[in-house]
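Please read the structure below before turning to the comments.
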C-alpha cells in the first residue's frame, strides 16, 4: 500500500481496524483518551510519537510471543527464532533477512507477516510494516483483538514497559538539560535495554558522550541510528566530523559520502566533504612519495596538509611525525632532530617518532641520546623487533665510539659518500705522511695516525665493511674476527708501518 504523504499514512493507521467495528488498538490499550479529551492530538508530532509507541509495543509483544507454527515446519521455526534473537540484540537488518525467508516459506501464516512487520516498525519503516500487518489481520481477523484484550496479561506487562520507557526518556532529557551527562547516560542505559531500536535514546546518549569527550562511545551509539531512520543525514555528518577530529580521515570520508548518497545537494555534507577530500588527497599523496623515497616531495605535501587543517591538532602531530621520518631517511640529522622533538612533544608515546629521532641522533653521532630514545620506545612496545635491533645497534655504536671511529678519523659525517671519503683520505694522508716529519717522535706519531687514516679509508670505501661498522662492529678489530684468523689488512700503499729504516710511500688514491 502506498500513501501520498505521512498524514494519509497516519489516517490509515488510525482507522485500519475500524472497518470491522473495532476501536483503534492504542485506545484499547489506554494510550489515548476518548474523542475530544486531548485537543493537542492531530496528524503532527504527537501522532508520530504514538506511532512509535504503538510500534514499540508490537515489537515488545513479538519478543515474548510464543511460536504458533504447525509441527513439521522446523525451517520456518528456525528462521523466526533466529529473527527473534537478532531483534532482541538490536541487529535489525540481520533479523529482517530471516523474516523474509520465513514469509517466503509460508505465505499463509499470519504470524510470519506479523513478525516481519515488527522489524519494519523497529526500523521506523511504517510504510513497509503496514502491508504486513494488514496481511496478518486478513489471515487472522481476531489477531489484533487478541493482542489488545485487557485480560491479556502479557500485553499489559509490555504496556507497562512502554510507560516505563517514556518516563525514563523524560528523566534523561531533564538530566541532559541540567548538564548531568553521567546521570542521563545511566538512565538511558536502562531505556536502551528496554528498546535497543529507539534512535532517539541512542542519539541522546551519544550527545552525552560528546560533552564528556568520549568520541568513541558516541560513535558506537550514532552508527546504529543511521539504519534506524530512513534519512539520517545528520547522523552521517556527525559521524564524519567525529572521525575527522579523531584523525581518521578515510572513515570520515566514507561517512560523509553516505550522507551525500541520501541527498547530493546537502550543503552541510558537501561543504564538509570538500574539506575532508582535500586533506585526504594531500595525505595520500605524501605517503605515496614516501613509498617512492621522494622525501622532499612528501615533506611539501605534509606542510600543505597542516595549512589545510590547522585547527585539529592530531593532523599537525601526524604531519610533523612523518616529516621527522622523511628528514631522518634523507639523512638530514639536525633538521630531523628539531622536528622530531616537536612531534614527540605532541605525541609522546609514538614509537615511530622516537625511532626516527634515534636514527637522526645516530647520524649526528649522539649515540647516548639514540640509546635513550630506543629504550623509551621499547618501554611502549617491548615486543617490537625493529626497536630491539635498533637499540642493540645504538648500544654497539656507543661502545664503538669510545674506541676507534673511522668517520672521526677522516673528519667526515656518517652519511658521507665514497667521493667525499676519498677526498678526505687524500688530504689527511698527505698531511700525516711520515716523510713530512724530522724527529723520531714525530715520525712515530705520524705513522700511527697514517695507519688509522689508511684503515678508515679501507673500511669506509668497502660497502660490506662499512655496513658492519655502521651496525656497531669494527671489521678490523681482532675481537670481532671469527676463529682468530682475522681480516688480512691490505694497506693502500706499499709500506710496512712496523718496519724500520727509510720510508718510501707509493699511494693508491683509487
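Placement of Cβ uses the backbone N, Cα and C atoms for every residue, glycine included.
Annotations in TrEMBL come from automatic prediction, not curation.
As annotated by TrEMBL, repeat 'TPR' applies to 76-109, 110-143, 233-266, 351-384. According to TrEMBL, the coiled coil annotation covers 377-404. As annotated by TrEMBL, domain 'J' applies to 405-473. Taken from TrEMBL, the feature region 'Disordered' covers 462-490. Here TrEMBL flags 462-471 as compositional bias 'Basic and acidic residues'.
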Composition by DSSP (helix, strand, coil) of residues within the compositional bias 'Basic and acidic residues' (462-471): 8 helix, 0 strand, 2 coil
Per-region confidence, the coiled coil (377-404) (mean pLDDT, whole number): 90
Helix, strand and coil residues within the repeat 'TPR' (76-109) as assigned by DSSP: 27 helix, 0 strand, 7 coil
Secondary structure composition of the repeat 'TPR' (233-266) [DSSP: H/G/I, E/B, coil]: 27 helix, 0 strand, 7 coil
